[in-house]
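Taken from TrEMBL, the feature compositional bias 'Pro residues' covers A:578-587, A:605-616. Feature annotation from TrEMBL assigns compositional bias 'Low complexity' to A:588-604. Sequence annotations record features per position, and here TrEMBL assigns domain 'ABC transmembrane type-1' to A:69-279, A:362-555. What TrEMBL lists as region 'Disordered' is A:574-616. Summarising the annotation, TrEMBL assigns transmembrane segment to A:20-40, A:73-95, A:107-127, A:155-179, A:200-222, A:258-278, A:312-331, A:366-388, A:400-424, A:430-449, A:478-502, A:536-557.
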Amino acid sequence: MFARKPSTGPFSTARGLLPLIVVCAFLFAFPIVMLVVGAFRNQDPSLPANWGWDGFRTAYTSPATYETLRNSLLLSTAVTVLGTAIGLLCAFLVTRTRTPLRRLVTPGMLLVVALPPLFYAISWGMLGNPRIGPVNTLFRDLTGSEATVFDVNSWTGLILVISLKSAGFSYLMLLGPFLAVDRGLEEAAQVSGAGKLRTLLGIDLPVLAPAVSGVVILNFVIGLEFFDVPLFLGTPAGIEVFSTRVYGLISESTPADYGAASALSLLLVAIVMVLVAVQWRLLGRRRYTTVTGKGYRADAWDIGRWRWAGTAFLLLYALLAVVAPLVQLVLGSLQPFFGGSAGYSLVNYRELLAEPETVSALRATLLVSVVGGLGAMLLALLIGYAIGHNRTRLRRVVEMLTWLPWAVPGVVLSLGIAWAYISVPGLRQLYGTVWIVLLALVAATVPIAQRATQPALAQLGQELEEASRVGGAGPLRMFAGIVLPLIAPSFLAGWFVSAIVVSGNLAVPILLSSQQNATVPLLVLELYTAGETSRAAALFVIMMVLLCVGLAVLAGLARLAALLRRRALAAASRAVPPAGPTPPAPSAGPTSPGDPVRSAGTPQTPTPSSAPAPLG
Amino acid sequence: MSADLVIEGLVKWFGDTAAVDGIDLRVRPGEFLTLLGPSGCGKTTTLRCVAGLELPSAGEISFRGRVFAAPGRAVFVPPDKRRIGMVFQSYALWPHMTVRANVGYPLKMAKVPRAEIRDRVHEMLGRVGLAERADEMAVSLSGGQQQRVALARAMASRPELLLFDEPLSNLDAKLRYQLRDEIRSLHDQLGTTSVYVTHDQEEAMALSDRIVVMNAGRIEQVGPPRELYSQPRNAFVADFMGYQNILPGVVAEVRGDGHLVRVDGSTLTVAVPGVPPGPAGTATSVAFRASAVRLDPPADGPAAALAARVLRSTYLGRSLNLLVEVAGVRLRTQLDEEALGRVGPELPGPGDELTVHLPARAVVPLAPVAEAAPAAVG
């Protein structure tokens with residue numbers, strides 16, 4: 001009965017935190033350390049080492065390196081400005097005005113964030129194809145000219161497509177702070193004689209400055225790390241950025257120059273870590289602020305006729321970021337040849353599903369997404385829970401470790417993981433198997449999973465757990481009976497998002513998969529570069545549909561289980577003579593505005609950010 | 001004297017600050033004891049140490065001879081093994097459960113048979129008047145009802161020790177009075193030992209058998225409500241108990257039935273009953289309530305007649321609050337309706353001169369705060 005090592009719960013002591021630290025260090029820190037070793041090792045991970053400075057020499061004396069550095073910075077800056085601006089405008093329209101259609105923005109933005117970059121790369125690659133892309137053919141049909149108005153394989157195309165995607169992140173991260181702004185501050189300014197615009201610029205903007213600057217830095221980091229879109233759209237135009245150059249050093253040099261790739265990665269890691277540290281300093285000290293029911297009032301500014309301009313803007317964004325790419329992907333997949341006039345048919349689907357290679361890739365991808373998404377969510381949940389329940393200094397170590405996967409782009413992470421696993425005797429056998437891909441995908445997806453679990457955990461009041469402990473439940477019982485059921489809706493939604501993100505990940509399998517266990521994104525890339533664009537689109541559609549159906553079935557099963565359980569409980573309680581008039585159905589109980597877990601039941605909890613939490 | 005809950009030398013460090021700095025306390029069986037103090041005084045931390053939600057840094061906590069926590073001997077019973085009940089400030093009802101499931105949870109954990117759980121939940125909900133709401137989701141109830149459910153949950157498994165962590169501070173005034181009475185009557189019905197934390201002096205007075213006034217992690221005074229109200233030990237307790245006039249001074253003269261204290265920075269001397277803290281010249285302070293100062297001399301007992309000049313006058317309907325200056329010292333006085341009736345139609349205003357009387361028995365001598373010995377009360 002007396003505990004030898006006193007603790008008030010799991011993870012509350014330094015010792016309780018150690019296993020988690022070991023796992024995090026292994027997944028997140030070890031690959032980066034091994035990247036340094038790899039930079040000196042100068043050899044394919046499966047071949048004996050060739051120690052020396054050659055990697056650094058190749059990487060840092062080549063003028064091409066500095067060009068890619070310049071390109072990356074340029075691209076990142078442009079994307080940050082455009083993406084943040086769109087996000088800010090949308091957040092303003094949604095929270096502060098009566099713009100028609102504003103209620104559709106948040107679900108739409110969630111979709112933008114969940115859709116993999118690969119999706120944007122293919123669909124916009126088709127839309128903006130200079131010869132046969134609908135943007136250009138439509139223009140020609142309308143005007144009768146022969147000109148090409150838009151070539152997506154260009155700086156403009158790259159910036160546009162990446163900005164559309166970044167806007168989703170920016171919006172979701174700004175939504176919380178926008179909602180949390182105390183209306184009293186604005187009213188005070190207006191009473192003091194400031195006009196609306198004056199209030200917006202003089203009061204709201206400074207109040208929101210820390211949140212906005214955090215978003216700016218994060219967008220910059222994400223911009224530096226983009227891989228899929230530059231690979232698909234930049235390569236044809238001869239635009240190389242940092243991560244595609246790292247990949248190129250391996251895929252295009254013979255023999256593959258792993259040393260130079262690693263040496264180059266280190267620079268990117270260094271730059272990004274500095275930026276992340278700056279962002280951490282900006283936002284890290286601020287406590288997680290939940291949007292209180294009191295602070296939010298539905299009164300909006302009347303912006304008059306400008307609201308129609310707002311709607312037009314929202315429609316344009318929805319067209320470019322969601323509708324057009326989705327329609328293009330589906331229509332394109334139904335064309336036997338992309339841009340051809342042969343009409344629509346299912347031939348691509350039939351042929352793809354007849355190929356054993358495709359079927360095995362689909363199977364591998366589904367497995368990796370569902371299991372990897374679950375793994376990332378579980379790890380993120382444990383990390384978030386541990387950080388919230390530990391007051392020792394080791395807590396900071398866990399926090400810092402979980403920042404690492406943010407700071408490392410997928411290509412670099414998989415390179416590091418390749419080095420890490422090849423150097424540990426027992427793990428060497430994993431190299432080339434689906435398991436190493438799975439582990440790397442989990443590590444790469446933990447940041448997104450964290451964004452999904454954080455708000456749910458933050459809303460879980462500590463007294464709910466303490467009441468359970470005092471009521472006689474041990475730590476495990478408490479976790480299973482109180483914590484898990486309360487965060488289950490957010491957890492399922494987060495699993496959904498994580499699985500989709502994993503399924504579309506190209507950067508990890510491109511370095512770690514072998515021909516035998518290639519995932520769908522790899523085949524998509526292969527088909528696309530071979531010019532079989534329609535077939536690439538079809539394969540992508542099959543994967544997304546299968547995944548969504550699979551996850552919907554999973555979610556349905558979970559719902560059903562919960563429903564049955566509730567029925568059983570209700571039946572059990574009906575066995576007693578009822579105490580009063582017919583009790584209302586348990587699920588009918590409305591949730592009062594002040595209750596401790598507001599998220600339970602609302603499907604929108606995976607919001608990768610509804611508050612200025614430090615993570616992007 | 002027999003004691004249920006025994007706390008000895010309890011210390012709790014948070015980083016470099018001691019939230020609880022040496023608490024000794026014995027709570028009697030069936031007693032309702034309240035920890036009272038301003039925020040940050042260590043009252044909640046003490047309660048959480050008793051609940052097992054915090055690990056004490058030093059000291060010992062035991063209940064009915066069973067050691068709950070003794071860091072020196074590496075003994076710590078986790079909260080789920082202490083068989084206690086607790087009511088939280090935020091109610092802490094689980095939003096995914098019905099009222100019935102919330103209340104039945106501690107019984108389920110104690111492996112009570114299902115049929116018995118049903119009966120006992122029904123009984124407890126009946127006691128708090130919510131039997132008809134058993135199958136609603138807990139969070140669909142109003143704040144007051146939620147706290148009643150939390151009360152039923154805390155008491156459902158008949159714990160021998162009940163802990164309350166500011167359970168009424170999220171409720172509005174009317175509900176607060178109502179629930180206050182319910183808490184005390186449930187305590188009496190079930191005969192548990194209760195420890196209650198609050199920062200509300202009136203709440204503590206209304207509920208408790210004894211009150212522990214805490215400040216900066218230490219105990220300032222322990223006693224029944226009436227004792228604390230009429231005989232605060234030092235300036236801190238006096239201030240907390242609503243003494244508006246606390247004046248530092250020195251012992252001027254020792255008499256047979258009391259002593260005189262000369263107020264610092266003034267020629268004003270105040271008669272104080274009881275034994276002086278030392279010979280003439282010893283530093284001391286005195287306290288008296290604004291309502292003790294009156295316009296007419298009291299019929300019984302001696303009183304000092306003081307010439308006062310009104311500085312500020314605040315009319316509150318039921319009473320008139322005056323800030324007056326007497327021999328260079330500012331005093332707060334409160335005249336009730338009856339006294340006002342005798343003043344005449346014109347209320348005293350700034351600049352008016354009047355004579356006020358301070359009865360000697362209303363004056364309380366205070367010990368210096370710094371020297372307040374750790375209360376060893378049992």
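Any Cβ shown, glycine's included, is placed from N, Cα and C.
Sequence-distant contacts of the transmembrane segment (A:478-502) (same chain, at least 6 residues past either end, Cβ-Cβ under 8 Å): 9-10, 110, 113-116, 368-370, 372-374, 376-377, 380-381, 385, 441, 445, 448-449, 452-453, 455-457, 460, 464-465, 468-469, 544, 547-548, 551, 554-555, 558, 562, 597, 599-606, 608. For the transmembrane segment (A:312-331), the neighbouring stretch richest in Cβ pairs under 8 Å, chosen from A:73-95, A:200-222, A:366-388, is A:73-95.
Between the transmembrane segment (A:536-557) and the transmembrane segment (A:107-127), three or more CB pairs separated by 6 or more residues in sequence fall under 8 Å, so the two stretches touch.
Count of Cβ pairs under 8 Å against the transmembrane segment (A:20-40): among A:73-95, A:155-179, A:258-278, A:430-449, the largest is for A:258-278. Counting only same-chain residues 6+ beyond the ends of the transmembrane segment (A:400-424), those with a CB under 8 A from a CB of the stretch are 21, 24-25, 27-35, 37-38, 41, 45-46, 221, 224-225, 227, 242-243, 246-247, 250, 258, 261-262, 265, 268-269, 272-273, 276, 280, 383, 430-431, 436, 439-440, 443-444, 446-447, 450, 505-512, 615-616.
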